[in-house]
Every structure is written in C-alpha cells, then in structure tokens.
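*Asks:* Just dropping this structure here.
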Amino acid sequence: MEIIISILAGVLITTGIYNLLQKQFLRIVIGTVLLSHGAHLFILTMGKLKRGQPPILTDGVTDYTDPLPQALILTSIVISFGITSLLLVLAYRTARENNTDNMEELRGTENE
Amino acid sequence: MSNLVVLPIIIPLLAGVIVALFNKKVAVTRTLTKLFSILNLGVAAYLSWIVFTTDSIILETGEWVAPYGIILVADPLASLLVLTTNIVAVACAFYAPHSLSLRQETHYFYAFYFFLITGVSGAFLTGDLFNLFVFFEVLLMASYALIVLGGERIQLRESIKYVLINLFSSILFVTAVAFIYGAVGTVNMAQIAERVQIQGQDGVLTTVAILLFFVFATKAALFPLYYWMPKSYIVPNTVVSALFGALLTKVGIYSILRVFSLIFVHKLELTHETFIWIAGLSMLFGVIGALSTNNIKLIIAYNIIPAIGFILMGLGVFNQDGMSGSVYYLVHDMIIKTALFLIVGVIAYVAGTSDLRKMGGLIHYYPGLGWLLFVAAFVLAGIPPFSGFIGKLLLLQGTLSEYEVVITIIALISSLLILYSVMKIFIRGFWGEKDETGKYEKKSTKGLIGPIVYLLAFSIFLGVGAEWIVPSVESISTYLLDPEIYIESVLKE
Amino acid sequence: MLIAVLIPLIFAIIVPYLSKFKQKVHTGIFVFFIPFSIFLYFIRFVGSDFEPVRQTYNWIPSLGINFDFYLDGLSLLFVLLISGIGSLVVLYSVYYLHVSERLGHFYLYLLMFMTAMLGVVLSDNVFVLYTFWELTSISSFLLIGYWHYRERSRYGAQKSMLITVFGGLSMLGGLVLLSNITGTTSIQAMIAQVDVILANDYLPLIMAFILLGAFTKSAQFPFHIWLPDAMEAPTPVSAYLHSATMVKAGIFLIARFSPIFSGYEWFFIVVSIVGIVTLCWASYMAVRQTDLKGILAFSTISQLGMIMAMLGFGTGAAVFAAVFHILNHATFKGSLFMIAGIIDHETGTRDIRKLGGLFTFMPMTGILAIFGTFSMAGIPLPFLNGFYSKEAFFASTLELESTGNAIASFLVEAIPYLAVFGSIFTFVYSMYLFFGVFTGPAKLDKLKTKPHEAPIGMLVSPFILVLGVIVIGLFPNLFNGTFLIHAAEAVNSTVELEKLKFWHGFITPLFMSLAVVGIGIVFYLTRQKWSNIYHVLPGKLSFNKVYDYIIKKLDDVSAKITDSYMTGSLKTYMTIILATILVVTTFFMVVTGGFTISTDNLAEVTFIEIAVVLVITIAAIATIFTNSKLGAILITGVVGYGVATLFVIYRAPDLALTQLVIETVSVALFLLCFYHLPKLRKRTEKASTKLGNAVISIGFGALMTIIAISAHSTDWFEPISNYFIETSYKLGGGHNIVNVILVDMRGLDTLFEITVLGIAALAIVSLIKLRHDKEAK
C-alpha cells in the first residue's frame with residue numbers, strides 16, 4: 001500500500017506541476033494546492049501506514065501509528081492554508097490591477 | 001543561560017506584534033522599531049560574545065531532550081549570522097522612515113519587518129530540519145507581505161511570480177524532509193548527521209541530499225534557479241530590497257552550508273565537486289546579468305548571484321581556508337549588499353530615475369553619496385583593505401590549494417566584472433558635466449545617509465580590523481569541517 | 001618606515017581643509033613638504049655600505065598579512081624616485097594648476113597614490129603589496145578622471161582601471177599560489193625556497209598570473225592601450241604616475257620576482273619577447289602621434305618595453321643597465337612631460353601640427369627640451385645619460401646565450417636587430433618632438449594665445465631633472481657604487497660593478513648607436529614619404545578597437561544572453577527550474593545507485609483504499625482538463641476531501657478533521673476570489689508545449705515517487721517516535737500523542753505556524769486595505 005500511496009502522491013505532484021505550468025491564475029493556484037496534498041501524502045507514507053492504532057493513548061494498546069509525521073503534516077497543512085489564502089487574494093488583486101489573469105501577459109520585460 | 005538563545009527570535013516576534021497593535025501611530029511605531037532593533041542587536045551581540053568566549057549554547061525547548069524535542073543551537077556560525085542580521089536590521093530600521101511612504105508604513109511595514117527578522121534568526125538558530133522549514137515559512141510569509149507593500153501594478157506582477165516559485169520550493173522542502181524522515185527516521189539535524197554517517201550516505205541519501213540542495217539553491221538564487229530573484233527584488237521599496245538582498249538569499253546559502261558541512265559530507269567527490277561548477281556558473285551568469293542592464297537597482301540585484309557563487313565555491317572545495325572564506329564572505333556580503341541597495345535607493349530617489357542612461361554629473365550635487373558608492377564598489381569587488389578582500393583571499397587560498405584553477409580564474413574575472421558593473425554607476429551616473437537645467441535640484445537626503453555610513457563602517461572594519469574577526473571565523477571553519485563537534489554537543493550521549 | 005609610507009595618506013585627510021585657504025596659499029606648497037621630507041629621510045640610506053633594512057608591523061597576523069617593510073637596493077631606488085620626482089611634480093603643479101581647480105581633490109589623490117606606491121616598493125609581504133598595488137590603480141583612476149566632465153577623461157579612467165585591476169587580480173592569483181606552495185607570505189622567504197617553486201607543476205600558471213599583473217601595469221604590449229588614454233590626466237600626473245613611477249610598478253614586480261623566475265627558461269622567452277615587441281611597436285606608433293603627450297605616452301611605453309626586455313635577459317650586465325635606465329628614464333621623460341605641460345599651458349594646444357618655431361618665444365624651455373629629447377634618442381654625446389643606458393642595452397643584447405630551446409635560440413639571434421629597429425624610431429620621434437615644436441615656421445595664427453616663456457617657477461622642476469640628465473651624463477659612475485649596484489644586486493646577485501665609460505673603442509654597440517643615428521636621420525627627413533605605412537599597419541587592426549569592441553560586446557552580449565532567458569515568464573522560469581532539478585537529481589540517483597525497493601514490510605492493500613486512491617487520481621487529472629471555473633474548484637475540493645479520507649483510513653483523526661475544515665474554507669475562499677475573475681479559457685497552447693509540460697510534470701512526479709519508495713524501503717533505523725509514544729503521557733500529560741507533540745515537544749513549530757497564519761492574515765488585511773485606500777483616492 002505504501003507503494004500505491006507513493007504513486008498517488010506522484011500523480012498529485014504531476015498534475016500539480018502541470019497546472020503550475022499553465023497560464024491562468026486559477027489553474028496555477030490549483031496546481032499549488034495539489035502539490036501540497038502530494039507532499040503531505042509523502043510525509044504520511046514515510047511513517048509507514050496502518051501500523052497499529054491511532055496515536056491516542058488507550059489502555060491496553062501498545063502498538064500505535066507513528067505520530068510524528070502526523071504532527072508534521074498538521075503544521076504543514078496550516079501553513080499551506082495560510083499561503084494559499086494569501087495567494088488567492090494576491091492573485092485576485094494582481095488580476096484586477098493588471099486587468100488579466102494570464103501569467104504570460106505579466107512578463108514585464110521592459111526595464112522599469 | 002540557555003534561554004538566551006531564544007531571545008533573538010522572541011524579541012522581534014513580540015516587537016512585531018506590538019508595533020502591529022500601535023499601527024496607526026506612526027511616530028510610536030518608528031520609535032519602538034528603533035528601540036527594539038537596537039535591543040535585539042544588543043542581545044545578539046551578547047549571545048555571540050558568550051558563544052565565542054565559552055561554547056555553543058543549546059536550548060532544548062520545553063525541556064525535551066534532543067533529538068526528540070526541537071532544539072535551538074547557538075553555535076559560532078549561527079550566532080555570528082544572527083549578529084550580522086541584526087547589524088543589518090538596525091540600519092534598515094533607521095533608513096525605513098525616510099524611505100517609505102506613510103501609506104506603506106501604516107500597512108504594517110514594521111510588523112512584517114520584525115517577523116522577517118524572527119524567521120531569519122530562527123532559521124539560523126534551529127537545530128531541527130522541519131523547524132527550519134517552519135522558520136523559512138515565517139520569513140517567506142513576511143517577505144510576501146513586504147514585497148506587495150504599496151501594491152503598485154508591477155509590484156503585484158512580480159510578487160505573484162515570487163510567491164509561486166517560493167511556494168513550489170517550500171513544498172519540495174517538506175517533501176525532502178519527509179524523505180529524510182523515511183530514510184533515517186528523524187528530523188533532528190544532529191541525529192540525521194549521525195545516522196547518515198553510520199550509513200555512509202548510502203542508497204537514496206545522496207539523491208535526497210541533492211533534492212534538498214535544490215530547495216535551498218532556489219532560495220539562495222544559485223544558477224540556474226535564480227530567475228525569480230532579480231526583478232522581484234527591485235520592485236518593492238528600497239529598504240525592502242535591502243532586507244531581501246541581505247537576508248533572504250543568505251538564509252538559503254546558510255542552509256546549504258549547514259546541511260552540506262554537517263550532514264551530507266560522505267560523497268564529497270560527487271556533491272561538492274558539483275557545487276564548484278554551480279558556483280562558477282552562478283558567478284558568470286550573475287555578472288553577465290549585472291552587465292546587461294542600465295537599471296541601477298537591477299545591477300545590484302544581479303550582483304547577489306555571483307556573491308552566493310563565491311560562498312558556494314568555498315563549500316565546494318571544503319577545506320579550512322575555503323570554509324573560512326565562505327563564512328567571511330557571507331558576513332561581508334550581508335552587510336555590503338544592504339549598503340549597496342540603500343545607496344542605489346538614494347541615488348534613484350535623488351536622480352528621479354533608476355535608469356543609468358538618464359543620469360550624469362550627480363557628484364556636483366551629491367558628492368558624499370558618490371564617494372559612498374565608490375567605496376562600496378571596491379568593498380563589493382573585494383579590493384583590499386576592505387572586507388570583501390579578506391573573504392576572497394581565503395576563498396582563493398582554498399581553491400588554489402586544491403589547484404582548482406578554472407574556478408579560480410572564473411572567480412577573478414567575476415571580481416573584475418563586478419567592479420565594472422558597479423563602477424559604471426559611478427562613472428556614468430556621478431561623473432560628468434554639471435547639470436544646470438535644475439533637473440537635480442537639491443533633495444534632502446536626511447536620515448538616508450547615516451545608515452549607509454554605519455554599514456560601510458562595518459565593511460571597512462571587517463577588512464582593516466580583520467585580525468579581530470579572522471581567528472573566530474577560522475575556528476568556525478574548523479568546527480564546520482568536523483561534524484562530530486556539533487553532533488556531540490547536541491546529542492551528548 | 002611605516003610612518004614614511006603612511007604619512008602622505010594621513011596628510012591626505014587634512015588636505016581638503018588646507019585647500020580652503022587656497023586663495024591665499026596654493027595647497028601644493030603645503031603638500032610639497034611631504035614627499036620632500038620622505039626623500040630626505042631615505043636619501044641617508046645611500047652609500048656603498050648599504051645593507052637591507054627590515055621592519056615589521058603586525059596587521060592581520062592570523063592570515064600572515066603584516067606590514068613587512070623591506071628596504072633593499074631596488075626599493076631604495078624606487079623610493080627615491082617616488083619621493084624625489086614626487087617633490088618636483090608637486091612643485092611644478094603649484095604653477096600648473098590654477099587655484100580655481102579642485103586642488104583639495106587633486107592633492108588628496110596624489111598623496112594617496114604616493115602612499116600606495118611607496119607601499120608597493122617597500123612591502124615584502126605579498127598581500128600588502130597587492131593591497132598597495134590596487135590602491136595605485138584606484139588613485140590613478142581618480143587622477144585620470146580628475147576632469148571627469150570630459151568624455152575622454154571618463155573613457156581613459158575606466159580603461160586604465162579595467163586593465164590594471166584585471167592585471168592586479170591576476171597577480172593576486174599568482175601570489176596566492178606562491179604563498180600556498182611556500183607556506184609564507186614574504187617575498188624574501190619565497191626567494192629562499194626557489195627550488196620548491198621551480199619544481200612545482202603549476203609554475204607556468206604562477207608565472208603567467210604574475211606576468212599579467214606586471215605587463216598590464218607597465219603598459220606592455222598588447223595591454224599598452226590604456227596609457228595613451230591616461231594622458232587625459234593633468235600633466236603633473238602624467239609626468240609622475242604615467243611615466244616615472246606607477247607604470248614602473250610592473251617593472252619593479254618583475255625585478256622583484258626575477259630571483260625566483262630567472263631559473264625558468266620561459267621567463268626569459270616571454271619577458272624578452274614582450275619587452276622587445278613593446279619597444280618596437282610603441283616607438284613605431286609614437287612617430288604617428290600628433291599630440292605631444294601622445295608621443296610621450298608611446299615613448300614611455302617603448303622605454304618600459306626596453307627595460308622589461310633587459311630584465312628578461314636577466315644577465316648581470318642587462319640587469320644593471322635596466323636599473324640604470326630606470327633612473328635615466330625618470331629624469332629625461334619627467335622633464336619632457338613637464339615641458340609638454342608648459343607648452344600646453346603657454347600656447348593652449350598640444351597639437352604638434354599647430355606648433356612650430358617656439359624656440360624664439362620660449363628659449364629656456366627649448367634648451368631644456370634639447371637635453372631631454374636628445375638624451376631620449378640616445379645620441380652619443382658625453383653629457384647625455386640616455387646614451388649610456390642605451391649603449392649598455394645594446395651591449396646586453398649581444399651577450400645573450402641560448403639555453404638550447406629553439407625559441408630562445410631564435411630570440412638570441414633576433415634581439416639585437418630588433419633593438420636597433422626600435423631605437424631608430426625612438427630617434428625619429430625624439431627629433432620630431434624637438435624640431436617639430438621648437439624650430440620651423442611659427443604658426444601663431446593657429447594658437448589661441450601668443451606664446452611666451454613660462455614663469456620661472458614652472459621651469460624649476462624640469463630644470464632640476466635636466467640637471468640630472470647632464471650630471472649623470474658627465475659623471476656616469478657617480479651613483480654606481482653607492483646606489484645602483486645595490487639595486488641591481490637585489491635583482492641578480494651576480495652583478496659586478498663595472499665602470500661606465502663614454503668611449504669604449506670601436507665596438508659593436510657603438511656601431512649600433514651610430515646606425516640608429518644614421519638611419520634615424522634619414523627616416524626623420526623622409527617621414528612624409530613613408531608615413532602612409534600607418535594606414536596599412538595598424539590600420540584597422542588596433543588594439544584600442546579590440547578593447548572598445550570587448551567593452552561594447554560585454555554590454556550587448558550580456559544583455560542579449562540575459563534577455564534570452566529572463567523573459568519574465570513564470571512558465572519559462574518554472575520549466576528551467578524543474579528541468580534542472582529533474583535532470584540533476586536523476587543523474588545523482590543513477591550514479592549513486594539510489595533506487596531501492598523492498599516489498600517486505602508493507603501494509604496490505606484493501607478495496608476501499610484503492611477506491612479512494614482512484615477517486616483522487618481521477619479528480620487530480622480532471623483539474624487539468626476541465627474548462628469550468630466552478631468545476632475546477634470543486635474537483636480540487638474532491639481531491640482535498642479524498643486526502644482527508646485517506647487520513648481517516650490511516651489512523652490520523654486529527655489530520656482528517658483539520659483537512660476537512662481547511663478544505664471547506666479553502667473552497668469557499670477560492671470561490672470568493674475567483675468569482676469576479678474571468679472564466680477558464682480553453683488551453684490553447686501548441687501540442688509541442690503540451691508535450692513538454694507533460695514530460696516535465698510526469699518526469700518530476702515519477703522521480704518523487706521513486707525517491708519516496710526508495711526512502712521508505714530502507715530499514716536502517718528505528719524512527720524516533722517510539723519515544724513520543726512512551727513519554728506522551730508520562731512527561732507530556734496528554735493522551736493524544738499528536739497533540740502532545742504539537743503543543744509540547746514541537747511547540748516551537750506550532751508557535752511559528754500560528755505566526756505564519758498571523759502574518760498571512762495581516763498581509764491580506766494590508767492588501768485589502770490598500771485597495772480601499774486606492775479607491776478612496
């Protein structure tokens with residue numbers, strides 16, 4: 001199963017990058033969201049899957065799932081959320097100010 | 001005593017919150033900013049003094065022993081860099097009120113400024129790889145906020161690229177941390193180092209190491225990953241550019257220095273040999289970029305790239321002199337890049353343009369500014385007796401003792417072209433006939449010059465007074481070349 | 001000696017204040033006492049019993065960088081030149097520069113240069129030497145750019161800086177290598193280890209580095225091009241830096257390192273060739289100049305070439321002649337520069353085509369010029385010092401012995417002829433200089449002012465120098481035993497003291513001199529007829545054009561290169577970044593054999609998991625193909641909820657909860673922000689672009705998967721988390737291990753994760769406030 005989840009994470013990374021390479025803001029932002037999902041799945045896989053109970057101490061249970069990756073993912077999810085929110089607002093403002101949501105029209109090669 | 005380590009992180013954090021609360025009262029925030037910056041500088045100086053005179057200080061947060069809890073490690077390298085960060089920060093704190101518009105100030109500039117310092121200091125001090133990621137996010141988030149401050153059209157345009165590329169590299173960072181955890185089962189840097197050592201950096205470890213290198217190289221703006229950097233560094237206000245130029249890329253190269261001197265040092269012939277090439281290409285493409293433009297801010301921004309190349313070159317040869325050179329150059333470059341960004345900021349302000357082709361004869365109106373630029377150019381290019389020279393000399397000694405001739409020649413040629421690219425500003429912008437049309441009626445540069453002089457004084461001191469610094473830097477180099485010291489001081493088994 | 005070296009620099013600091021009184025007292029008068037007292041201080045070392053003196057002052061001992069002053073014969077010669085000519089130049093400048101000029105700046109730079117130059121010749125420490133070396137380049141740059149409102153001055157200053165700093169950096173490379181090999185930073189200690197250096201494999205590189213430094217500084221072919229443009233500097237500067245002292249720093253460097261390199265045959269070959277070619281080329285070029293200072297500049301280059309060549313020969317006689325000529329050249333060339341300055345000052349032009357017949361107007365100047373030019377030409381007259389060194393030069397060309405190397409053998413044969421060839425042109429331009437300016441019809445209509453004799457004060461300095469020409473000419477042995485021999489010995493320890501005589505009998509060098517004079521006269525008289533040759537050579541093939549081309553190309557090509565990839569397109573940037581990471585990381589993975597896969601310790605696969613995985617996969621792929629804004633957002637939401645489901649399955653209840661909440665908020669935010677933005681367009685890129693994107697993204701995803709599989713297939717270490725499980729309750733006081741880790745063991749992460757959120761919130765507020773502010777305006 002770890003291998004399958006690794007592949008799934010790979011698929012998320014692939015689709016994420018493909019979207020990131022598009023022109024329109026919405027697709028690009030969606031790309032970043034997919035990328036972070038992929039990264040989180042990678043972390044999860046690294047702690048081995050389904051070895052024991054959820055990491056909440058219960059009497060009589062000695063076998064728990066690795067809790068550390070979960071803690072890391074939690075931190076990462078929150079941070080990703082923060083960045084995504086900012087990115088959304090930024091994308092919105094940029095699109096409004098520049099009158100386009102096409103990344104390729106935001107090159108600005110002229111020397112300002 | 002060991003709680004001292006957390007102060008350079010906590011003070012700016014609190015300061016950031018406080019100035020955010022007082023946001024409306026600009027006079028108050030300005031004063032508070034200056035006070036807190038100086039306070040933090042004092043703390044950082046005291047911390048460095050303790051570390052250099054006694055030993056590294058390790059703080060196990062929440063009393064959780066390493067490697068289980070997060071630890072903060074104030075070793076000589078980290079404390080030196082925290083000190084330098086705060087030296088630079090003070091200059092920016094005093095420069096900012098004269099450079100920013102009131103609108104930018106009331107849009108929480110000072111809060112973001114402190115959060116940036118928090119993130120940078122944290123990144124230098126942490127001994128935990130995942131925690132490093134978190135501090136990276138703190139400083140990046142602050143930088144995202146700073147880069148859009150003002151919200152001009154081009155600013156928004158460049159910042160969205162900046163955010164996206166950094167976001168991508170952050171995600172890659174988390175992934176690489178995950179892989180490391182998968183392979184060695186820990187995220188504590190000392191323990192990773194220990195375990196990688198036991199395993200002889202076998203199997204997938206070198207691959208993950210390279211992945212991690214690229215994460216940091218993107219932040220450090222190394223060839224060929226620096227595309228996001230030059231333009232996004234010139235769109236915000238000067239003082240923001242200065243902070244970015246001094247701190248952001250340096251955190252990236254610091255992380256490379258740390259990870260590839262502590263953890264991944266068992267396949268030098270592969271990893272570090274590659275670094276030498278990347279360093280050379282960074283120098284070349286960096287100076288080519290600097291020569292390619294007439295925008296004075298862009299000239300300085302491009303000059304960040306070869307400097308990072310120089311630092312990486314020292315790591316690449318991985319010997320005593322090379323590493324000393326890297327550390328010295330790192331400190332030197334943090335200071336002089338800030339100074340240069342501040343200088344070109346003033347130039348652009350008094351000339352009313354960043355376009356070199358539209359300037360000339362400024363020295364008739366602003367002689368002091370001209371000479372500051374003149375000195376800064378020589379500092380940057382590593383002309384003795386200034387700080388750049390000491391760093392460069394150590395680096396050259398490092399490369400030439402391994403007879404790395406090609407990279408040495410590239411480094412020498414880059415130095416010349418770096419000098420040329422900045423002297424162009426002096427020759428074309430400052431020299432020339434006096435403009436009588438009143439285009440440059442005297443503008444007040446009050447408050448802008450002081451911070452520059454202060455920074456250049458450090459640069460000159462680092463060169464002329466090198467004797468006071470070099471032994472410490474050499475001890476850092478010895479320390480970095482022997483990862484055991486770090487591992488033992490953290491794990492203490 | 002430290003004080004002697006630094007006193008000009010210290011004094012330089014107060015010069016700007018002194019210049020405030022310049023209306024009353026010319027600043028130069030104060031300045032004069034500095035070089036003059038240095039001269040007096042050092043002159044007392046002259047004597048036949050001279051012994052080298054060493055003084056050390058610590059600077060950066062941990063890098064071996066110390067003020068290690070070593071005064072031997074060679075340094076003494078240069079120190080006296082620097083301070084002596086320096087005094088005369090400052091004296092001269094008092095009359096040359098009007099008080100309305102920025103005198104403070106001028107003398108500041110000049111004093112800075114004086115310190116730098118003294119430092120160069122006195123430092124035994126290679127890095128201190130380099131420090132002063134670059135300082136000479138910097139002060140020269142400032143002095144050339146003194147009248148920076150002139151385009152030509154800026155051009156000349158930039159050119160000289162680029163070329164000399166280039167050489168300086170190259171020299172630094174050589175010095176670092178030398179100090180690495182020998183483990184010392186002292187030149188004298190290096191000389192003691194000459195065997196070690198000569199045995200090093202990198203000797204050719206070391207020599208090339210050092211020679212480049214010397215050749216650029218001493219304006220040797222083909223780096224000579226900066227010197228003629230340096231003539232934009234005020235004339236006292238030309239006389240001082242660009243003739244008597246700074247340009248001789250390269251000569252000094254070669255002389256200094258001669259004891260090391262002379263054992264290496266390529267040293268002879270390279271230095272001799274460069275020297276002799278410089279001599280010939282520059283004297284040939286000098287004839288074609290029309291600017292008085294242009295002639296003198298090329299003449300200086302050619303004389304430097306001659307000295308360089310003699311140092312290349314390296315024999316005792318050649319070295320002695322070289323040292324002697326350094327002294328002689330300083331006297332006659334210094335006086336000629338000053339005379340050129342006087343002419344410029346009194347007639348308003350330096351263009352030789354507008355000058356003529358000045359002897360009647362300026363007889364004193366004319367008389368001084370006779371001695372200067374004739375001495376330079378090497379005319380056999382017993383009161384001209386130039387003749388003696390020229391003849392010693394000829395003599396030394398005849399004594400060369402080949403080491404067996406074919407090039408060396410050829411050189412030995414060719415050098416005497418080349419020496420004569422170059423000297424013929426030296427003769428021609430010397431005559432041209434004197435007769436063209438002072439005799440013939442006066443062209444007063446072309447002059448702005450009516451020429452008249454210079455003020456007496458202006459004539460003092462050239463007069464003293466001409467006096468030197470004559471005294472040395474009449475008593476050529478005056479300084480030999482007490483002074484010059486010590487200088488020569490420092491270069492070549494086998495030098496023997498010989499008596500210089502005017503008349504040696506009918507020997508070959510005399511015939512060479514006579515040939516030079518004879519053919520020179522013919523060439524001079526017929527120069528109108530053959531001057532067309534300059535259209536052929538150099539014609540278009542000038543090294544100046546090469547320089548201009550390089551500088552232009554530096555800007556153009558770098559702009560072209562940079563614009564080619566800095567397109568401003570995020571897609572381009574991302575593509576390059578991704579491709580680099582992909583290729584390099586894959587390469588490393590293959591080289592280190594990084595791929596491992598182990599199926600021993602895996603969780604079993606269940607149907608429900610596969611179902612969730614498939615849903616996520618399909619949704620993820622669908623984000624690429626959907627063209628509906630709302631659809632895209634919702635599909636992304638599906639991926640998020642799918643991941644949350646996986647968290648549930650994989651026993652991470654906290655994660656699942658968080659993910660659900662955040663996903664919901666995110667989708668809402670997405671909808672909020674993109675509601676007003678344009679609809680999704682069809683992706684219209686070309687098939688090749690699509691393919692490229694697909695290759696990179698699939699490649700990258702695959703790479704990540706492979707690394708992930710390899711990473712969790714390793715089974716080297718136990719993860720540290722067992723500790724958390726054990727201590728969560730005991731030490732952390734919580735049952736939920738993840739929570740305990742978050743708030744306690746890794747509390748710092750959480751604190752700063754919240755900080756990140758806080759900053760993000762503040763940033764969003766700031767962005768939104770901004771809009772309101774703008775709309776309010």
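Backbone N, Cα and C define each Cβ position, glycine as well.
Annotations in TrEMBL come from automatic prediction, not curation.
So TrEMBL says this about it:
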type     : residues  : note
TRANSMEM : C:6-21    : transmembrane segment
TRANSMEM : C:28-47   : transmembrane segment
TRANSMEM : C:106-122 : transmembrane segment
DOMAIN   : C:123-403 : domain 'NADH:quinone oxidoreductase/Mrp antiporter transmembrane'
TRANSMEM : C:128-149 : transmembrane segment
TRANSMEM : C:161-182 : transmembrane segment
TRANSMEM : C:266-287 : transmembrane segment
TRANSMEM : C:355-379 : transmembrane segment
TRANSMEM : C:414-435 : transmembrane segment
TRANSMEM : C:456-475 : transmembrane segment
TRANSMEM : C:607-625 : transmembrane segment
DOMAIN   : C:615-679 : domain 'MrpA C-terminal/MbhD'
TRANSMEM : C:632-650 : transmembrane segment
DOMAIN   : C:693-769 : domain 'MrpA C-terminal/MbhE'
TRANSMEM : C:751-770 : transmembrane segment
*Asks:* Assess whether the transmembrane segment (C:6-21) lies in contact with the transmembrane segment (C:106-122), where contact requires at least three Cβ pairs under 8 Å among residues 6 or more apart in sequence.
*Replies:* yes
*Asks:* Would you call the transmembrane segment (C:355-379) and the transmembrane segment (C:266-287) in contact, using three or more Cβ pairs under 8 Å, pairs 6 or more apart in sequence?
*Replies:* no
*Asks:* Does the transmembrane segment (C:414-435) reach the transmembrane segment (C:456-475) with at least 3 CB pairs under 8 A, where each pair is 6 or more residues apart?
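*Replies:* No, the stretches stay apart by this measure.
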*Asks:* Taking the domain 'MrpA C-terminal/MbhD' (C:615-679) alone, what is its mean pLDDT?
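*Replies:* PLDDT averaged over the stretch: 89.
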*Asks:* What is the number of residues in the domain 'MrpA C-terminal/MbhE' (C:693-769) that are helix, strand and coil, as DSSP sees it?
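*Replies:* For the domain 'MrpA C-terminal/MbhE' (C:693-769), the helix, strand and coil counts are 63 helix, 1 strand, 13 coil.
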*Asks:* DSSP on the domain 'MrpA C-terminal/MbhD' (C:615-679): how many residues come out helix, how many strand, how many coil?
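*Replies:* Computed counts for the domain 'MrpA C-terminal/MbhD' (C:615-679) are 54 helix, 0 strand, 11 coil.
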